[in-house]
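Listed features, source TrEMBL:
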- B:21-208: domain 'ABC-2 type transporter transmembrane' (DOMAIN)
- B:21-39: transmembrane segment (TRANSMEM)
- B:51-72: transmembrane segment (TRANSMEM)
- B:84-111: transmembrane segment (TRANSMEM)
- B:131-158: transmembrane segment (TRANSMEM)
- B:170-189: transmembrane segment (TRANSMEM)
- B:217-239: transmembrane segment (TRANSMEM)
Amino acid sequence: MSAIEIRALCRDYGVGRAGDKRTQALSDVDLTVELGEVRGLVGPNGAGKTTLCKILSTVLEATSGSAQVLGHDAATDAATVRRHIGIVFGGDRGLYGRLNARQNLRFWAAMYGLHGAPLRLRVDELLERLGLADRAGDRVDTFSRGMKQRLHLARGLVGDPRVLLLDEPTVGMDPVAARDFRSLVGEMRAEGRTVLITTHDMAEAEAVCDLVTMIDRGRVLLTDTPSAIGEVVPRHERVVAGAVPEQTRQALTALPGVVSVEQEPSGRLRVETADSSVTGTVLRLLVEAGVSDLSTQRPNLEDAYLHLIGDRGMAVG
Amino acid sequence: MRIFLTGFRFQLRVAWGSPDTLQICVTAPLFTLVFMAIAEHAERPDLAPFAIVSPTLMSLWTLALFIAGELIGDERRSGTLEALIAVPARLSTLVIGRICAVTTLGLLSFAEAWLVAGLVFDRWLAVRHPLPFVLCLVVTALAMAATATIFSPLFILMPSARTVQNTLTYPFYLLSGVLIPVAMLPFWLRPASHLIFLSWSGDLLRDSLAAPAPHDVAARLAAVLALGAVSHLIGMALLHRVLRRVRRLGTLSHS
């Protein structure tokens, strides 16, 4: 049995006064997440990541297809699915600002059937684990966005779920909190929980996920390990150098095996090469020109993302 | 039952010190002052029970309409409704627990009204028949909670209904005999009054404050409960329909 099994899933939204215009948020999505796996779901805004999470968490109906969690259908057996999942929706909404952090968590723990001493223990443990114990008695509307996000995470964990759905969980977190989050996901994995994380932060996906699924315009593009996805971009190597003389730049451009020479916004020169022998020649030329600010890079997940999805900037959908 | 109690306690915490609750705390004594002043000016001390019972029922109704009625809409606007749907607890049980907390708070307005009549006008009204009185307060609060379960999903299904939210106060107070006895209404209007549980509640509460023993207590309590039960069934059906609809349309988190 898989933790998550999605088959031919489609979801349309109606647009316009009568819902006469349709927009397809998910189109024939197939996805399998195994037990204990940490799966990243990456894609640009409007790709369908949140829609997928909402269907899995039973708060949205699919137009067609099926979504199962631990063998239970999210549409027809929603009550059982809800007992096994924890969900963290992105953004800083979704908490009761007039209540303090402890009261919020106690309320949500009760919604998962906890009560009495086990409830109090679970809440205190999570407040400690998420670094909120010192502010547990403070009203949530006085919290920073990052603290609210940590409280969201605690809420997602309060029911001790076997499957955790995290929709943009590090939005608003500072770098230290985001690093702590990554170690928290590692703990989730060690505890045998299945985690589905949606993100468009490639570094985050690369750091915490066993497998990454790229999704765009409601369709799954590919699923693989972060390092294997890095291989889907052309096997170019990259040399980045600062303060490169114009004469050297021209020489690099004319060099056989150099695929492209571009200037980065920082002013440094980025040279893409066809293979490592050309990279060696490029490095030698740069050193001979007296360039000391040098580095080489292999394609990473972010390169693959940009290669597959394109650099659409602020564009949605 | 635990979910009901969790909802009850949760709502008390949320409501405590909220502007809406404070508004009721202020308006109930104010209405009592006005009604008692009219009764005293007319040299009609027999109207004192009206002056105390009316603000109590008006407070209950206002709370049901404006706080309990906005409960699901507020959850939707604050982004918590999605998370509430995704938990194992039944949303309807939680909602009922929270609405009951709202109506329980509304019962405090009786104490306020009673104190104002005593402290300001030196009319310390004795509750001559405490058992029917307490029972009536309890079933009235329950029926009010049940009625509020209609408002909450109705305002989501039909946003235009919110525009007539304010008009659902004074016409109802008149029609249900909260402000004046039903017997003073035109004959053809009285059957409509009897379909509103407040008319049964108001009569029994006032009778319980008066000297003669109230008649047909059990039947009148049953009428309040039955009308409340019908409201509850309608409310639950509407709630179910709202949840189905927003899950189907994907508008659960829309404000």
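A Cβ is built for glycine as well, from the same backbone N, Cα and C atoms used for every other residue.
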Within the same chain, where does the transmembrane segment (B:84-111) have neighbours whose Cβ lies under 8 angstroms from its own Cβ atoms, ignoring anything closer than 6 residues to its ends? I mean 6 or more beyond. 3-12, 15, 21, 24-25, 28, 52-53, 55-56, 59-60, 62-64, 67-68, 71-72, 75, 137, 141-142, 144-145, 148-149, 152, 236, 239-240, 243, 247, 252
With a Cβ cut-off under 8 Å, give me the same-chain residues at least six positions beyond the ends of the transmembrane segment (B:170-189) that come close to it. 50, 53-54, 57-58, 61, 196-199, 202-203
Against which stretches of its own chain does the transmembrane segment (B:21-39) lie, if we need a Cβ under 8 Å and a gap of at least six residues from its ends? 15, 45, 47-48, 50-52, 54-56, 58-59, 62-63, 67, 105-106, 108-109, 112-113, 115-117, 120-121, 123
